[in-house]
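What Swiss-Prot records for this protein:
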ACT_SITE  94  active site, proton acceptor
ACT_SITE  344  active site, S-methylcysteine intermediate
BINDING   114, 118, 121  [4Fe-4S] cluster binding site
BINDING   168, 169, 200, 222, 223, 224, 301  S-adenosyl-L-methionine binding site
DISULFID  107-344  disulfide bond
DOMAIN    100-339  domain 'Radical SAM core'
């Protein structure tokens, strides 16, 4: 039985150099290889013309460069493109490309499904199967870059920003997310600025501390409620890591960080008559008074079976004005790609749920139906 080949997309520069040392090669050869992969999109060793033939043969014998395939894609009327990425066993994750005048952002997934159970998120309703590997995370960027055209072909960088805001909780897959983000930031990788790579978390505090020790990227935090009582319902991980504990972890992270310029982005989904009153706006402003931040208000994007509705523009406007009275910077996120279910909270993919969450939910619904009848 032949030995399984090493997928080079799984290796950050440190691991790549270790592999080359094992091959008896100097570190700069690893850097050359990374440039071929991430700057030029090359996956065939024979095309790497500044690497000698003997080394190319060694690499071909032991290694491969394999990214997950794009199964399908949909393009929104606003230019947003949602990609279904096949990750094996009939499963797909979703990745979203969001073009703007001054940037091109890719929203990347970190898990097949999500282990958290936020009640307003479509991904959470699908259950959870597994963590994505490093190659499956960076492979999303690599594949979409191929789809759009690498800079060598177009003269322009196809993706300028990456946000870890797709399917999954990135901090629950830290072992793979950290090397994946290392590759995003590496000059020999995708060469993105640390201010242009953003990780979004619902608040797994111990992992946030580990991230702060390992990497400096922009941080976005999913708050969504001004108090623990409501957040326990909307974001159940709050029962384990309540708001004050989460906020303390956020302050520790931004104290170490240059990428965040001294403040964090607070994400707050606007749910009609759930978390959008002026009283709750005052409460949120008070909650955040010791944590430097800007607030991103996200109009809720409904999905089939969702128990919530989107806040009206007038309620969002009133909420925003209250926050600004406290001196907070407030941005109301423009909804992108909702016509193809690519907007915030709408990503679902195709998942084999190992948590049996959907089955349990249907059983509970059936029991309620029987009781009512």
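Every residue gets a Cβ built from N, Cα and C, even glycine.
Comment: S-adenosyl-L-methionine site residues 168, 169, 200, 222, 223, 224, 301; largest CA to CA distance 19 Å, whole number. Between the CA atoms of residue 107 (disulfide bond) and residue 169 (S-adenosyl-L-methionine binding site) there is a gap of 13 Å. For the binding-site residues 200, 222, the greatest number of Cβ atoms within 10 Å around a candidate Cβ is found at 222. When secondary structure is read from DSSP and collapsed to three states, residue 94 (active site, proton acceptor) falls in the strand class.
Cα-Cα distance from residue 222 (S-adenosyl-L-methionine binding site) to residue 118 ([4Fe-4S] cluster binding site): 10 Å (rounded to the nearest whole number). Checking Cα-Cα distances from residue 169 (S-adenosyl-L-methionine binding site) against the recorded positions (94, 114, 121) with a 10 Å cut-off leaves 114, in sequence order. The two recorded residues residue 168 (S-adenosyl-L-methionine binding site) and residue 114 ([4Fe-4S] cluster binding site) have their Cα atoms spaced 4 Å from each other. Separation of the C-alpha atoms of residue 94 (active site, proton acceptor) and residue 224 (S-adenosyl-L-methionine binding site): 23 Å, rounded to the nearest whole number. For the recorded site, residue 107 (disulfide bond), the DSSP three-state label reads strand. Using CA atoms as reference points, the binding-site residues 200, 223, 301 were checked against residue 121 ([4Fe-4S] cluster binding site), and the closest is 301.
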